[in-house]
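Chemist: Copying in the features that TrEMBL gives for the protein in this structure:
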DOMAIN    7-70  domain 'SAM'
REGION    77-98  region 'Disordered'
TRANSMEM  130-150  transmembrane segment
TRANSMEM  175-196  transmembrane segment
TRANSMEM  208-226  transmembrane segment
TRANSMEM  273-289  transmembrane segment
TRANSMEM  298-318  transmembrane segment
TRANSMEM  324-340  transmembrane segment
Amino acid sequence: MKKVVEWSSEDVSKWLSKEGMPEYADALRQIDGPALLRLKNTDFQDPPLSRVSSDGGMQLLERLETLRIENHIEAHKNGHANGHAGGLPKGTSKPQRNGTLGKKEMTLIPMPVLEPTHPSFPTEWGKTGIAFVYAVICFVTTSIVISVVHERVPPKEHTPPLPDKFFDLFDRVEWAFSICEINGMLLVGLWLVQWVLLKYRSIVGRRFFFIVGTLYLYRCITMYITTLPVPGMHFKCSPKLLGNWEAQMRRIMKMIAGGGLSITGSHTMCGDYLYSGHTVMLTLAYLFIKEYSPKRFWWYHWVCWTLSAVGIFCILLAHDHYTVDVVVAYFITTRLFWWYHTMANQRVRGIILREFIKNKSFSFYKRIRKINGYFCFFNSKCLFSRE
């Protein structure tokens, strides 16, 4: 078939008949191929074309548009007009006027697909070390404050324990506090093992040390401001040293070495009631275990929750803390944990969030978005990675 630009008026008439529009043959009897391609909408608004059809030549214009495209492809088939040197891709035929291929054969063009990759977070072990030092300083400060407050606790003979509704409902169980401390050690041990198996252990460790240090710092303030009498007549407090700083330092060092636990015999001082440090560790260990372990470990979460709940109940059952001590400790621990992680996981911050970000300590320790989805439990590559 000849090119459109080479058509004569007879070729135009044949094309019109082939396309099912012979009514235009008389009006376009003097039109050749190039003139046919130059027809526009305005040409159909004037006689003689305006008298041929009532649709304003829309049908013919659509056919002409297809004809122009075919003519353009034909004219540039040896060039690069369609993005392929040598015309159409290999394996395809000339497109028909209905927009389909003349053959059933098609060419598949592979498209590169980017594989999703997990973001790489900075580890910054130096900041984790600073957070650890911060937690140790807060723990030592707490021990010093307990020693100071111990000197101010009124004798139980002169100031009896304050009324407590839980103590009215439940009699004291002597061994209950030992159960509390055993549960606490189990939870902390489980958390340490889990922390070692985490992929981003430096970041999670930084969070843990910062939160636990801050909670003990708050505890120093509440203990020093308000000194409560002993919660039970069973308490056997160490003698007051009355300014003997050397003996006080030995007592503080003994308490630090024993981890502040009664089960180790290192905690014989009184006055550290508002709020309960044992409740802090029982609650915080469970929260971190649940936050940084897969959801499918539901049985593991329930076991840890049971250890935490039983431990907290045993604190009250032993009458070693007032109920308000435990309630305040639970409230402060959970709120600080949820507040910190909400801020760390927040992607879009409002005005209030931006104000909180200005806090230098938070900005220093955060430096990360959502990471609790990245685990490597029982994965040797992750366990021994340099991270």
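Residue numbering: from 1, along the chain as shown.
Note: Cβ is positioned from N, Cα and C throughout, glycine not excepted.
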Chemist: Does the transmembrane segment (298-318) come close to the transmembrane segment (208-226), meaning at least 3 CB pairs under 8 Å for residues 6 or more apart?
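Modeler: The answer is no, given that the two segments have fewer than 3 Cβ pairs within the 8 Å cut-off.
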Chemist: Under an 8 Å Cβ to Cβ limit, what residues of the same chain, 6 or more beyond the ends of the transmembrane segment (298-318), are close to it?
Modeler: 166, 170, 172-174, 176-177, 179-181, 183-184, 186-187, 190, 276, 278-279, 282-283, 285-286, 289-290, 326, 330
Chemist: What mean pLDDT score does the domain 'SAM' (7-70) have in the model?
Modeler: 76
Chemist: With DSSP as the reference, give the number of residues of the domain 'SAM' (7-70) in helix, strand and coil.
Modeler: 39 helix, 0 strand, 25 coil
